[in-house]
Amino acid sequence: MTSITSVELNYLVFRYLQESGFTHSAFTLGYEAGINKCTIDGNLIPPGALITFVQKGLQYLEMEANMSNNDVEMDEDFSFLQPLDIITKDVNQLRQMIKEKRKNIQKDKDKDKDKNKDKDKNKDREVDREHEAERGRVREKERHEKEEREKERVKAESNKQPEKQPDELADGDMVMDQEDKDAIGHEENGTSIGPEPMDIATTSTQASQEACEIPGSDVTILEGHTSEVCACAWSPTGSLLASGSGDSTARIWTIADGLCKSGAQNSPLNVLVLKHVKGRTNEKSKDVTTLDWNGEGSLLATGSYDGQARIWTTNGELRSTLSKHKGPIFSLKWNKKGDYLLTGSFDKTAIVWDVKAEEWKQQFEFHTGPTLDVDWCNNVSFATSSTDHMIYVCKIGEIRPIKTFAGHQGEVNCVKWDPTGSLLASCSDDITAKIWCTKQDKYVHDLREHSKEIYAIRWSPTGPGTNNPNQQLILASASFDSTVKLWDVELGKLLYSLNGHKDPVYSVAFSPNGEYLASGSLDKSMHIWSLKDGKIVKTYTGNGGIFEVCWNKEGDKLAACFANNTLCVLDFRM
């Protein structure tokens, strides 16, 4: 039987932790086990590989319990099986394989007795068995390649028939509308005020997704990073796009105005490399974990796994290195005025830095677990969240929290203030999102429609205090259950459930005009949804899981960063 190495097992456990939402455990294992140095191609490992591996082991034991009690025959039975057979076939198929092979061997033994053949015959049969297994693997490979060619052919044919797409889209929408009506008809809470929740099923959006796939001519691929790209952000004032990666660098890309050019863009003329370590890269302690532009777009702040925050100019010059944290920085934000930088760290603290003085102003040590997220309410007060299930609202100069929000039963992954700074949204591993108000201790709304951990939340740029004051304020939540949900903030009710993804959704972003929402998932796809009807209007599929999506200030370009070391910039036109 084939054995598994410790490196392979570590990688399977690492992927399991990532996929299950145990982000910090995955970070720790990845760092201590040197996952970044292993030669395993993550793109070849399917989701849920560890679970599959364990299940196959259980099947192995089940077979063992139900087969012959003869230990000699047992060992012989399993010598017939190839690792590929164990992974791809169920118990009954494996039993049948062994039964047939044992019959064949018994026939061969009978012939040997009759003809008294020498030992070389046995060797020949062993070779035959190996050749048979090899031919089986070859056939399996050919079948897989044939399927891939068929997929490419279907995709090519669909690209050649643009005239048919509107009809196909209309058909898909009609199916979706009917299913939506059925879903609404079965809704348990039929007394909700306002719009009924609309459930948009994956099956009913398939035709729409194919019809509105963004063409390659509208996509620019940015290459240069040598490890996964986990963060990206557009400058608020120009055409600069910043990215942060596990390769110990951040990069500032200059994206030309106008339409994107298809293909890769990695000319040294349009990218600045911000190195966080001298010499070799891919040192895991220097991973760039988070980044943020100041309001003027003149300075970029980056947070790193080494616990340091760094401030860079737009020409790539390192202006400041801020050192006080004793663990990785998970979140980092400028205040609106741009005089303070806020960081949250694995060391359980948050620190406000005086940017001009290049020193820390105040350290806030209230949490009992790592600080996962921070967000400014105004220029002097902010919220922090942690693995300790707590949320604290803090103010510069105050030695205790000015508000404590307790109610989550799991790690609080994200906190975000609404555009007016009066409501705070939070999401957690406890499968809920909550909305809080500083005027009361308990949450205002408890949003419980997701079925797995909620990783990210975002407010729409709509309602009072925004550039779109006449539009409804909406909260979006992205979950490991592969859905995005849109919430009526005033009523605390579900507006839409957006079900187009097949794997956990890591990031969501509203367009500046508040009319569209982009979502990025580990299924390698980014969908753009219309907030008018909750349907997909554009979609793009890359070659790696997506960690973050973001819009430029004009709302005509979208960026996404991928696990396969790239970013892409998409033109968005309706």
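All positions are counted from 1 along the displayed chain.
Every residue gets a Cβ built from N, Cα and C, even glycine.
Unlike curated entries, TrEMBL annotations are predicted automatically.
Pulled from TrEMBL:
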COMPBIAS  101-167  compositional bias 'Basic and acidic residues'
REGION    101-173  region 'Disordered'
REPEAT    222-255  repeat 'WD'
REPEAT    281-312  repeat 'WD'
REPEAT    322-363  repeat 'WD'
REPEAT    405-446  repeat 'WD'
REPEAT    447-497  repeat 'WD'
REPEAT    498-539  repeat 'WD'
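Taking DSSP states H, G and I as helix and E and B as strand, the repeat 'WD' (498-539) has 0 helix, 23 strand, 19 coil. Taken through DSSP, the repeat 'WD' (322-363) splits into 0 helix, 24 strand, 18 coil. Taking Cβ pairs closer than 8 Å, the repeat 'WD' (498-539) reaches residues 19, 21, 47, 173, 176, 198-202, 205, 208-209, 212-214, 452, 455-462, 466-468, 471, 474, 476-486, 545-551, 553-555, 558, 560, 562-563, 570, 572, 574 in its own chain, all 6 or more past its ends.
Counting only same-chain residues 6+ beyond the ends of the repeat 'WD' (322-363), those with a CB under 8 A from a CB of the stretch are 24, 27, 287, 289-296, 299, 301-311, 369-376, 378-380, 382, 384, 386, 394, 396-397.
Per-residue confidence over the repeat 'WD' (405-446) averages out at a pLDDT of 96.
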